[in-house]
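Engineer: I am attaching a structure below and will ask some questions about it afterwards.
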Amino acid sequence: MRKQIIVGNWKMFKTNSQAIEFIKSVDSKVKADENIIAGIAVPSIMLSDVQKVAKNIVISAQNCYFEQEGAFTGEISVPMLQDLGIKYAVIGHSERRDIFGETDEMINNKAKALLAASITPILCCGESLKTYEDGTTIDWVKSQITKGFEGISADDAKKVVIAYEPIWAIGTGKVATPEIAQNVCKEIRDIIKNIYNQNVADEILIQYGGSVKPENIKDILDQTDIDGALVGGASLIEDSYLGLVNYKG
Ligand code: PGA
């Protein structure tokens with residue numbers, strides 16, 4: 001039985017004090033147990049303070065750079081995350097790819113750097129509306145996954161969380177139907193099986209992301225190959241965040 005992992009992605013929202021207040025208010029109300037991981041990916045400036053107040057909520061970075069240190073103005077390194085005790089980092093979000101020009105190679109390097117430091121990469125993939133309409137979603141995602149996992153061992157691959165986020169469903173209110181999401185997540189599991197083996201495919205966690213809300217999370221997480229959600233907008237409001245992570249009641 002795979003665990004479930006539901007992670008809020010705050011993107012560039014909230015100030016440090018608002019973030020601390022939010023975590024203090026919701027943390028004790030999160031019913032996380034050994035079968036469900038509840039997380040929030042916060043802007044890097046808040047990681048340190050928020051990490052100190054979160055007990056039930058797992059704090060994630062939204063990005064990192066792959067070099068250990070150096071002249072990379074504005075970036076944060078894996079050792080910096082390690083020093084704060086951060087255990088998860090989102091990499092390759094479509095906004096990072098599209099707005100900041102991140103390539104599959106950079107994302108692959110980030111995954112390797114994180115795994116070497118025992119931090120779980122939440123590696124995002126997903127197609128644009130045009131790719132979806134052209135019917136080439138699977139080819140697109142296969143290329144992202146193949147390049148993203150290049151040079152990663154089977155043992156390490158199992159530790160990665162894949163987030164499938166169709167770009168046309170992010171922040172648009174247009175959620176992929178549970179059937180569409182399940183179909184692509186199943187294909188992703190098959191891609192992983194072909195790169196590695198059945199065991200890695202059975203163990204790896206695959207999230208869906210894109211307009212997930214308390215109202216639709218159950219239908220999405222009921223799908224066989226969907227093990228969690230990466231949630232933007234609906235994770236910013238306390239009641240709504242609790243509605244997501246405590247969806248089982
Ligand atoms: P959304 O964002 O839930 O607001 O659609 C999801 C994401 O970008 O991770």
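First residue shown is number 1, and so on along the chain.
Heads up, the Cβ atoms here are built off N, Cα and C, so glycines get one too.
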Engineer: Per TrEMBL, what member of Gly39, Gly70, Gly151, Gly171 joins Asn9, Trp10, Lys11, Ser211, Gly232, Gly233 in binding substrate at one site?
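Structural biologist: Given Asn9, Trp10, Lys11, Ser211, Gly232, Gly233 bind substrate in TrEMBL, the matching entry from Gly39, Gly70, Gly151, Gly171 is Gly171.
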Engineer: Return the members of Asn9, Trp10, Lys11, Ser211, Gly233 (the binding-site residues) with CB less than 6 angstroms from at least one atom of ligand 1, or none.
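Structural biologist: What lies within reach of ligand 1, judged by Cβ under 6 Å, is Asn9, Ser211, Gly233.
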Engineer: To the nearest whole angstrom, what is the C-alpha distance linking Ser211 (substrate binding site) and His93 (active site, electrophile)?
Structural biologist: 15
Engineer: Cα-Cα, whole number of Å: His93 (active site, electrophile) versus Asn9 (substrate binding site)?
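Structural biologist: Approximately 10 Å lies between the Cα of His93 (active site, electrophile) and that of Asn9 (substrate binding site).
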Engineer: What other residues of this chain sit with their CB within 8 A of the center of the CB atoms of Asn9, Trp10, Lys11, Gly171, Ser211, Gly232, Gly233, the recorded substrate site?
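Structural biologist: Neighbours found: Gly8, Ile170, Val231, Ala234, Ser235, Leu236.
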